Amino acid sequence: MDSPEVTFTLAYLVFAVCFVFTPNEFYSAGLTVQNLLSGWLGSEDAAFVPYHLRRTSATLLCHSLLPLGYYMGMCFAASEKQLYSPGQAPEAWQLFLLLAVTLPLLSCTLIYYWSWDRWTRHPLAQTLALYALPQSGWQAVASSINTEFRRIDKFATGAPGARVIVTDTWVMKVTTYRVHVAQQQDVHLTVTESRQHDLSPDSNLPVQLLTIRVASTSPGTQPFDIRLNSSEYGELCEKLHAPIRSAANVVIRQSLGDLFLETFASHVEVNPAYSVPSNQELEPCIGCMQTRASVKLVKTCQEPAVGECQQCYCRPMWCLTCMGKWFASRQDPQRPDTWLASRVPCPTCRARFCILDVCCVR
């Protein structure tokens, strides 16, 4: 391939991937189906269900046009191939053009089928029909969802391509091409998986992501999974009427403090150990009185007379967990990215120390 072809192909590939799996930069620039077609889609707050009936259809059509857009761009990037004249183009490109034209035609056919009889055949409308009373239709269920979505007390989280919304009556997951819906009174929720991620875009602390299986007892409904940060788990439980069960061996760390304590302990473990004199007996931790003292503050971050940290002369009096809780209690909750690098006073003598000065007792 010539250089213009390679350049255009790589650039278009990046654009297509970002347009389908939209990053924050594309949202900020307004390069989304929701923003480009906002005049036709209407307002999500005003009419949640009609908005997503149109949005899912428009998204399917726009994404199906991407191969055709690539072909049209290659007409200029590789003009010597005469792609603008399909009859003279190479056979491989003729097949690609056939595929590029077929995809939008199939999408239009499917969208027309969905929209027939006021969107009754759309997957979202068919799901809502499962919850409709015998004397009413799916539109009555849609009206209920529209009303509850407008309330400010709903729970909403997640990226635009995988949003989780919980209202007083409904549990919903909004994805690129579908909207999953379940009625709260009929669902069983189970935490099936928890994953720890060491990197967070907002702080130096690890992030735990939970996967919750939402299974409805209503006939004909399909279960779906929702994912959220463990720090939002408590807020989700407050909005749900049904309890959430946990699968075996799934540990949920709900608070920022829980995540920090784990990170604090992992950092302390790699610090130099402190050897207790043979004639000194370790006493119970004065913080919890449940375990023996297990840490000693020893200035190891810098030379004794250098820096802000000070030497602590207290004997081992605290366990690792209580020292971590003390360290966290002295931090700004709005600035978790500064916690690990900060300095706090010793809880006993007030000598300032950092995390590098906390040594495990051996």
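A Cβ is built for glycine as well, from the same backbone N, Cα and C atoms used for every other residue.
In the predicted structure, the topological domain 'Lumenal' (1-6) carries a mean pLDDT of 75. Residues or ranges marked as topological domain 'Lumenal' in Swiss-Prot (evidence: sequence analysis): 1-6 (among others).
Remote same-chain residues near the transmembrane segment (7-27) are listed as 1, 62-63, 66, 69-70, 73-74, 77, 160-161, 176 (criterion: CB distance under 8 Å, separation of at least six residues from the stretch ends). The feature transmembrane segment is assigned by Swiss-Prot to 7-27 (among others), with sequence analysis given as support.
Remote same-chain partners of the topological domain 'Cytoplasmic' (28-56), defined as residues 6 or more beyond its termini with a Cβ less than 8 Å from a stretch Cβ, comprise 18-19, 22, 62, 114, 119, 122, 124-125, 128, 142, 145-146, 149-150, 160, 174, 176-179. According to Swiss-Prot, the feature topological domain 'Cytoplasmic' maps to 28-56 (among others), an assignment based on sequence analysis.
According to Swiss-Prot, the feature transmembrane segment maps to 57-77 (among others), an assignment based on sequence analysis. Using a Cβ-Cβ cut-off under 8 Å and counting only residues 6 or more beyond its ends in the same chain, the transmembrane segment (57-77) has close neighbours at 4-5, 7-9, 12, 16, 19-20, 33, 36-37, 40-41, 83-84, 93, 96-97, 99-101, 103-104, 106-108, 110-111, 114-115, 122, 176-177.
According to Swiss-Prot, the topological domain 'Lumenal' annotation covers 78-94 (among others), on the basis of sequence analysis.
The transmembrane segment feature in Swiss-Prot is assigned to 95-115 (among others).
Taken from Swiss-Prot, the feature topological domain 'Cytoplasmic' covers 116-362 (among others).
The zinc finger annotation in Swiss-Prot covers 285-350.
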